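Here is the structure we will look at, set down as structure tokens.
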Amino acid sequence: MSGPRTLFEKIWSTHVVCVPDDQPPILYIDRHYVHEVTSPQAFDGLRAAGRKVRRTDLTFATVDHNVPTTSPRLVIKDDVAARQIDALRTNCAAFGVPLFDLTSEEQGIVHVIGPELGLTLPGMTIVCGDSHTSTHGAFGAFAFGIGTSEVEHVLATQCLPQRKPKTMKIEVSGTLPEGVTAKDLALGIIGKLGTDGATGHVIEYCGTAIRALSMEARMTLCNMSIEGGARAGLIGPDEITFAYIRNRQYAPKGAEWDTGVAEWAALNTDEGAKFDREIHINAADLQPQVTWGTNPGMVVSVGANVPDPKATSDDAQRQSYERALTYMDLKPGTPVAQIAVDRVFIGSCTNSRIEDLRAAAKVVSGYHVAATVHAMVVPGSQRIKAKAEEEGLDRVFRDAGFEWRESGCSMCLGMNPDILSPGQRCASTSNRNFEGRQGRGGRTHLVSPAMAAAAAITGHFTDIREWEYK
């Protein structure tokens, strides 16, 4: 197309291989991340068809969803989890795919280690059999989750049929107030849009508040794009992006680096480019957020009350609210700050990076977890764990009564030993609060790392803006 183009349109146009008659365009894929849960059948399909992995140099695997976060890590008690992990090891060895296994210092959550290792780069198309692949869009990449059959397709061809999504601009002006984080921004946006407000769109986040975010904060924001229904979320690369990538293990070096930066600097939305939809948000209006229901759009500020379903005139929404309140065992009008928690989970591909752990450690330093609370911290990768231990953050957490774990997806989802018991209520830094997400009958409230840390100490949700740091 001619004329001003959006960042997404620039990436899309350079990756379309061909457009078959009456078929979706064929998109070339620059990076394919693989994990143990959505890959076994895909590799089986390759084997049955006698095919190879087309580009093993563009494919990287890790174990994260099912892995234990306690020692000994190599003892996997769940039979299904053990079979999936063993299958990934067998398949990676057979097909020549690099694997960051449990014994590797590079192991971690797939959406944490990709950027951490310098594998995620601006302008790329990136896929993984996981919905939160949108995380990598923080680097100015078109990154999206795919299903198992599509995993097989990419393994075999390094391409994927894809219909072109619509575009949405979310411009966040101003400055985030003290105590308000990228997680609060993400939840605030989803609360405004709803969980289907961005369906069929790729979101580009822009504005002064976005430019002020660190790369780790940008990853948190893009990670949760899918929770608003978006296909992907992305942020144009800038000097903050380049500084993060520079000198990472797999990042370009020397002349290739200089060439890369020059190309990446052009990856921005042209002035006058048109979006299918635009949303404008004033960062100054945001407050720390807490979800109260069973999807991320059921969210209010920490100083608000649990909403009353009777206040809405929409029958479907009222019924949804009523069901959520029943499941969450909450009453309308209850102040959020009076909701007590049993568990606190700091981790996940949303909030398990070093900045997240630093923020939480700052809150708990000098305090101790409430007697009624069981709290745990799960670093997003072994490298983050090592960095945190180098900084003494593990001691801060342990002294405060937190469990300090090995890396993995952990309590984000009920696919490993880290789950809630029925009826337990958890302040979680993860991205989904669906019924049973953290274990059958478990009740999940999504918050930022600092808010989760404060809840662990007080035993209930607490406005982090009023916290007395020691």
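Just so it is clear, glycine is given a Cβ too, placed from its N, Cα and C backbone atoms.
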From candidates Cys222, Cys349, Swiss-Prot puts in the same [4Fe-4S] cluster site as Cys409, Cys412 the residue Cys349
Same-chain residues at least 6 positions away from Cys349 ([4Fe-4S] cluster binding site) with a Cβ under 8 Å from its Cβ, in sequence order, are Ile109, Val110, His111, Val112, His132, Thr135, Asn223, Gly380, Cys409, Cys412, Asn431
Around the recorded [4Fe-4S] cluster site (Cys349, Cys409, Cys412), other residues with Cβ within 8 Å of the Cβ centre, ordered by sequence, are Asp64, His65, Ile109, His111, His132, Gly347, Ser348, Thr350, Ser352, Gly380, Gly408, Ser410, Leu413, Ser430, Asn431
